[in-house]
Amino acid sequence: MATFASLFRVREFRYLYPAYALSYLGDQLSSVAVAVLVFDRTGSAAVTAVAFAAAFLPSALGPVLGSFADRFPRRRLLIACDLARAVLVAALAIPGMPMGAAIALLYLAHLFTPPFTSARAALMPEVLSGEAYVIGNGLTNLTYQISQVAGFAIGGATVLLITPVGALLVNAATFAISAMLIWRGIRPRSALGSQGVHWSPIRGAVEGVRYVFADSWLRQCLLLVWLVPAFAFGVEAIAYPLARELGGGPSLAGMLMATIALGYATGATVLTRWTSPPVRDRILVPLALLPGLALLPLLAHPPTPVVLILLFCSGLGCSFSTPLNAMFVLRAAPAYRGRAMGVAIAGIAAGQGGGFLLSGWVSELGVTASATVGLCGIGAVAAAVCCGAAYSSASARSMSTDVASGEPSGT
């Protein structure tokens, strides 16, 4: 079985992985910097929220922006996205910039994230093959979770040390370094998508959505990955009210969110590094039940230590999505991988946003934070049961079709 260490024997991965890790860690730092910068200049929590929304809204355009990853050579697209983000983020540090212009620049910078993510995800199976790709995808997800924890844990102290403007310049530098690593270490490849003169991002997006939803396995895989975490991660939107209810404050709220991420990272490591593919395939659907089941006891308002254990278990269960992400990309035809990832990105963003809004709305009705999390658990269990059954059925049909045609299973 491939190991994390063995991945770095592949030259292109040695460059692609640190490029991703650097730019994402920089993003976490800039998230804190933007929040501090906007609030310091305006004193308005509402304007700060708008700035955060500007960073997440481009994900909703995933199918449109992801289509560029199939139209243009992916190496060239990755470099172009990194350089554009470096320039735009650096411009945010210009002294005295009007807040409206700053938010617009932030939105423009994040418009380059979906095509970058789609191109990187589509390129990965060409860099790593078979089980090595699954392990590599697991390492990427692990890095994402660790960066999230580290970024938010040390982001505030770093911003205080180097100022928000300094943090933004550091973020711009991470994008520039990422572009240099990709230019230096990734070999050029031709674009795989159609080169017809009638191509457009909208048409590419429509083709991507049709392609994904016409395939029963791809469709059911996405619904499972979208809906279960949408409910399970709803707790993040009310982490501070939950912390206050438990007798804590901002530090406990951060600990609650970090515990979820730590659970996810642990599960992703176990599934991709120490679990054989046949065993992994058998336990994915049962594991998808754990995120919701772990949240149900919060209906009884348990003490803080128990809540932390339960949130860790919920995050652990959500790691079922890590190998499914890899299987989804491998299942998609190479010429459609960028667009398929664009659809996936949009659904994940919409699901998480919807989960945040739902948990916040339930709390506003007077339901306690603990009970709201427990209700999110009920939703997650229901989604796991329904979507898990549909996914298992689609997997069985896919396997039967592959056996009948004499081809290896896509899963």
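Here the Cβ of each residue, glycine as well, is placed from N, Cα and C on the backbone.
Copied from TrEMBL, the annotated features are:
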type     : residues : note
TRANSMEM : 21-39    : transmembrane segment
TRANSMEM : 45-65    : transmembrane segment
TRANSMEM : 86-109   : transmembrane segment
TRANSMEM : 149-182  : transmembrane segment
TRANSMEM : 221-240  : transmembrane segment
TRANSMEM : 252-271  : transmembrane segment
TRANSMEM : 283-300  : transmembrane segment
TRANSMEM : 306-330  : transmembrane segment
TRANSMEM : 342-362  : transmembrane segment
TRANSMEM : 368-391  : transmembrane segment
Query raised in the report: Per the 3+ Cβ pairs under 8 Å rule, pairs at least 6 apart in sequence, do the transmembrane segment (283-300) and the transmembrane segment (21-39) touch?
Result: no
Query - Contact call for the transmembrane segment (21-39) and the transmembrane segment (149-182): at least 3 Cβ pairs under 8 Å, seq gap 6+ - result: yes
Query raised in the report: Is the transmembrane segment (342-362) in contact with the transmembrane segment (149-182), using three or more Cβ pairs under 8 angstroms as the rule and ignoring pairs under 6 apart in sequence?
Result: no
**Report entry** Winner by Cβ pairs under 8 Å against the transmembrane segment (368-391), considering only 86-109, 221-240, 252-271, 342-362
**Finding:** 221-240
Report summary line: Note: vs the transmembrane segment (252-271), the recorded stretch with the largest number of Cβ pairs under 8 Å from 221-240, 306-330, 342-362 is 306-330
Requested in this report: Take the transmembrane segment (221-240) and find every residue of the same chain, 6 or more past its ends, with a Cβ under 8 Å from one of its Cβ atoms.
Outcome: 212, 250, 253-254, 256-257, 260, 285, 288, 291-292, 295, 311, 314, 317-318, 320-321, 324-325, 327-328, 331, 343-344, 347-348, 350-352, 354-360, 363, 369, 372-373, 376-377, 379-380, 383-384, 387-388, 390-391, 394
